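> Before I ask anything, let me first share the structure, which is written out below as structure tokens.
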Amino acid sequence: MSDQLVAPPPENCPGTQSEMSGKSAACAGCPNQQICATAPKGPDPDIIEIEERMKTVKNKILVLSGKGGVGKSTFSSQLSFALSMDEKVEVGLLDIDICGPSIPKIMGLEGENIHISGQGWDPVYVQDNLAVMSVGFLLEKEEDAVIWRGPKKNGIIKQFLKDVYWNDLDYLVIDTPPGTSDEHLSIVQYLKTSNLSGAVIVTSPQDVALIDVRKEINFCKKVGVPIIGVVENMSGFVCPKCNKESQIFIPTTGGAEKMSQDMNVPFLGRIPIDPLIARSCDEGKSYLITHPNSEATKQYNLIFNKIKEIVNNSK
């Protein structure tokens with residue numbers, strides 16, 4: 001099981017094969033604790049299947065946030081839409097926010113179902129080169145609650161990675177829930193040997209959000225996930241009448257750029273508030289296409305180009 005760990009074992013670790021694995025005092029606070037406590041002893045054959053399935057995916061990008069409500073899923077969707085605007089580029093969007101799957105609605109795929117073929121689970125397509133998978137496609141009704149403990153969440157994430165037939169992808173964007181929970185440990189564990197490109201971390205400017213983003217950055221550093229960069233979302237509001245910018249969420253400690261400098265991680269840019277972004281998400285449309293000349297679209301595209309450059313130059 002040692003090849004499944006997401007971080008080096010701590011001092012006084014009882015060992016991955018011990019009956020006290022994940023349960024001793026030395027395990028408290030270790031990123032591997034849940035893995036050691038719940039995983040069966042011995043190698044996990046599913047990891048080999050995941051590695052084989054992921055060989056056809058060139059770039060795998062995690063989208064993270066420390067706190068909920070900062071626009072992470074919106075960012076994931078618009079990144080996927082932007083990448084797929086090149087018809088020669090194949091894009092997948094995987095939603096592992098198990099308890100709050102919003103991607104089907106944002107992508108205009110409400111009411112769609114998963115179909116199984118001889119090659120595995122078929123993702124749902126927005127267009128020929130943009131495929132989506134989410135637990136939301138497994139629910140009978142949109143408002144159905146997903147009340148699962150960690151092991152069941154881990155199981156569905158593993159199934160998404162090893163059983164979904166993505167075919168050849170240039171990019172797989174992975175939308176995660178906020179925080180550093182079971183879903184994050186699982187995705188890092190399962191993709192550890194599959195050349196994870198890195199993580200984009202989304203925040204809003206105020207300090208209450210930045211506190212949790214610092215934790216997210218430390219999580220990535222601890223488990224060995226490369227940080228592509230930090231995005232400050234909801235950064236100011238430009239009045240459509242007078243073009244004057246107002247700060248809705250005041251960056252009292254310098255905002256995401258200052259925090260990125262302090263923590264020595266790349267800062268990718270700022271996206272202003274635009275109520276039409278929320279409307280596009282509610283309607284399941286690409287904001288970049290419906291509002292190509294807006295200031296937010298300009299900033300989105302600058303950030304997306306930086307992400308592509310960083311990911312492609314990291315190989």
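The backbone N, Cα and C atoms fix where each Cβ goes, and this holds for glycine too.
Below are the features listed in Swiss-Prot for this protein:
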BINDING   CYS13, CYS27, CYS30, CYS36  [4Fe-4S] cluster 1 binding site
BINDING   GLY66, LYS67, GLY68, GLY69, VAL70, GLY71, LYS72, SER73  ATP binding site
BINDING   CYS239, CYS242  [4Fe-4S] cluster 2 binding site
REGION    1-23  region 'Disordered'
> May I ask for the distance between SER73 (ATP binding site) and CYS27 ([4Fe-4S] cluster 1 binding site), taken between their Cα atoms and rounded to an integer number of Å?
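Cα of SER73 (ATP binding site) to Cα of CYS27 ([4Fe-4S] cluster 1 binding site) measures 32 Å after rounding.
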> If you measure GLY71 (ATP binding site) to CYS27 ([4Fe-4S] cluster 1 binding site) at Cα, how many Å is it?
33
> Based on Cα distances to VAL70 (ATP binding site), point out the closest of the binding-site residues CYS13, CYS27, CYS30, CYS239.
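Of all the candidates listed, CYS239 is nearest in space.
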> Which entry in the list of binding-site residues, GLY66, GLY68, GLY69, GLY71, has its Cβ near the fewest other Cβ atoms, using 10 Å as the limit?
GLY69
> Minimum Cβ neighbour count within 10 Å among the binding-site residues LYS67, LYS72: which residue?
LYS67
> Determine the Cβ neighbour count for CYS27 ([4Fe-4S] cluster 1 binding site): the number of other Cβ atoms within 10 Å of its Cβ.
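There are 20 such Cβ atoms around CYS27 ([4Fe-4S] cluster 1 binding site).
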> Provide, as an integer number of angstrom, the distance between the C-alpha atoms of GLY68 (ATP binding site) and CYS36 ([4Fe-4S] cluster 1 binding site).
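About 28 Å separate the Cα atoms of these two residues.
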> Restricting the comparison to the binding-site residues GLY66, LYS67, GLY69, LYS72, CYS242, which residue's C-alpha is spatially nearest the C-alpha of CYS13 ([4Fe-4S] cluster 1 binding site)?
GLY66
> Three-state secondary structure of GLY66 (ATP binding site) from DSSP?
coil
> By a simple count, how many Cβ atoms lie within 10 Å of the Cβ of CYS36 ([4Fe-4S] cluster 1 binding site), its own Cβ left out?
26
> Pop the Cα-Cα gap between GLY69 (ATP binding site) and CYS242 ([4Fe-4S] cluster 2 binding site) into the table, whole Å please.
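If we compare the Cα positions of CYS242 ([4Fe-4S] cluster 2 binding site) and GLY69 (ATP binding site), the gap is 28 Å.
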